[in-house]
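S.K.: Here it is: the structure, laid out below.
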Amino acid sequence: MKVAVVGATGLVGGEIMKVLTERNFPVTELIPVASERSVGKQIEFKGKQYTVVGFEDAIKMKPDVAIFSAGGGTSTKIAPLFAEAGITVVDNSSAWRMDPTKKLVVPEINAYTLTKEDKIIANPNCSTIQMVVVLNPLHLKYKIKRVVVSTYQSVTGTGKAAVDQLFAEREGRTDVPAVYPHKIDLNVLPHIDVFLDNGYTKEEMKMVNETKKIMMDDAIAVTATTVRIPTIGGHSEAVNIEFENEFDLQEVFDILSNTEGVIVQDDPKNFVYPMPINAHGKDEVFVGRIRRDETQPKTLNMWIVADNLRKGAATNAVQIAEYLSKNNLL
Ligand code: A2P
């Protein structure tokens, strides 16, 4: 299979190539795509060197699938050109996620809705993916009424420039342009993506809206506070979930222990709980600190951690491509 990676020189692009290799995705030819300034650069994939091309050349090379992680603007502009040429696009940006004609896919939850006609498939927001992988099996069992989530998000979610800002600050260098409006090292920013008229950020509203779309239930109420912290291993989330129906705590543990892609790490007496430092580079979503909310009935608290570049982006996108390939939908 010919696979184009659009944004191949970026953080997520690099991770996509690692995941394609690790999962043995049947790549016969890689087509690395980036902006004009990177055309001609060499990229190594499975021991072979590939030359970075621009998007027009990539379309001419007729890949079977193109995995995009080059930002919303680029995606809005060029994903339709790939689709018109018959190339299926799996897009990591927010450009198509809430378009009612496009599917927003987390394979464990809704890949079964995909058909050959889906030419642009949206990969959800990183914070949303790791949350819904855990919420969905509980929703199917107890029906979720309301979710209150606070996030602790890695700088890797902003891209290479943000990682550079963090390490430049840590090393006392001033030669790197800042991408955040404030210092990020030794700080916490209650601000991810742009502020909207309702006082929430766009990232917060992604969690609200994308959760309903992926879980196919508009009745689930979600309220979010999304926060950037100076870490690189992954995103963490404190999640409070109110159900319609009563749950049994042991049964919650059993359900999550048997959920594909989820690993329960919950042994607080031995200091075992999910942390970004351990999730780094892993494809699974880790959940722990699972406990009853003692202030109201039918309510649960938990802590969810995943590598945002992996399940939050690259892994989920490659899993979508795997599903399309295995089911002859390309
Ligand atoms: P480039 O390295 O040439 O700028 P990150 O989020 O880590 O900053 O990465 C963004 C990725 O998107 C990079 O690979 C970047 O390429 C790529 N990109 C940005 N603009 C375009 C564009 N117009 N066409 C293709 N790729 C683009």
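Quick reminder: no glycine exception, Cβ is built from N, Cα and C everywhere.
Straight from TrEMBL, here's the annotation block:
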{"type": "ACT_SITE", "residues": "C126", "note": "active site, acyl-thioester intermediate"}
{"type": "ACT_SITE", "residues": "H235", "note": "active site, proton acceptor"}
{"type": "BINDING", "residues": "T9, G10, L11, V12, R37, S38, N308", "note": "NADP(+) binding site"}
{"type": "BINDING", "residues": "R97", "note": "phosphate binding site"}
{"type": "BINDING", "residues": "Q153, R228", "note": "substrate binding site"}
{"type": "DOMAIN", "residues": "2-117", "note": "domain 'Semialdehyde dehydrogenase NAD-binding'"}
S.K.: What's the CA to CA span in angstrom from L11 (NADP(+) binding site) over to H235 (active site, proton acceptor)?
M.R.: 15
S.K.: R97, C126, Q153, R228, H235, N308: which of these recorded positions put a Cβ within less than 6 Å of any ligand 1 atom?
M.R.: none
S.K.: Using Cβ atoms only, which residues of the same chain lie under 8 Å from R228 (substrate binding site) while being at least 6 residues apart in sequence?
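M.R.: Non-local contacts for R228 (substrate binding site): Q153, V155, G157, T158, Y180, I184, V188, L189, H191, I192.
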S.K.: Tell me, roughly as an integer, the mean pLDDT over the domain 'Semialdehyde dehydrogenase NAD-binding' (2-117).
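M.R.: Its mean pLDDT is 98.
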S.K.: Taking just the CA atoms, what is the gap between G10 (NADP(+) binding site) and R97 (phosphate binding site) in Å?
M.R.: 21
S.K.: In whole Å, how far does the CA atom of the residue listed as 'active site, proton acceptor' lie from that of V12 (NADP(+) binding site)?
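M.R.: With the alpha carbons as reference points, the distance is 14 Å.
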S.K.: Work through the recorded positions one by one (R37, R97, H235) and point out the residue whose CB has the fewest other CB atoms within 10 angstroms.
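M.R.: Looking at the recorded positions R37, R97, H235, the Cβ with the fewest others within 10 Å is that of R37.
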S.K.: In the domain 'Semialdehyde dehydrogenase NAD-binding' (2-117), how many residues does DSSP assign to helix, to strand and to coil?
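M.R.: Secondary-structure composition of the domain 'Semialdehyde dehydrogenase NAD-binding' (2-117): 41 helix, 29 strand, 46 coil.
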S.K.: What is the maximum Cα to Cα distance, in Å and rounded to a whole number, among the residues T9, G10, L11, V12, R37, S38, N308 annotated as binding NADP(+)?
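M.R.: Answer in Å: the longest Cα-Cα distance is 26.
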S.K.: Which of the binding-site residues listed here (T9, V12, R37, R97) have a Cα atom within 10 Å of the Cα of C126 (active site, acyl-thioester intermediate)?
M.R.: none
S.K.: Rounded to the nearest Å, what's the C-alpha distance separating T9 (NADP(+) binding site) and the residue listed as 'phosphate binding site'? Just drop the number here, would you?
M.R.: 23
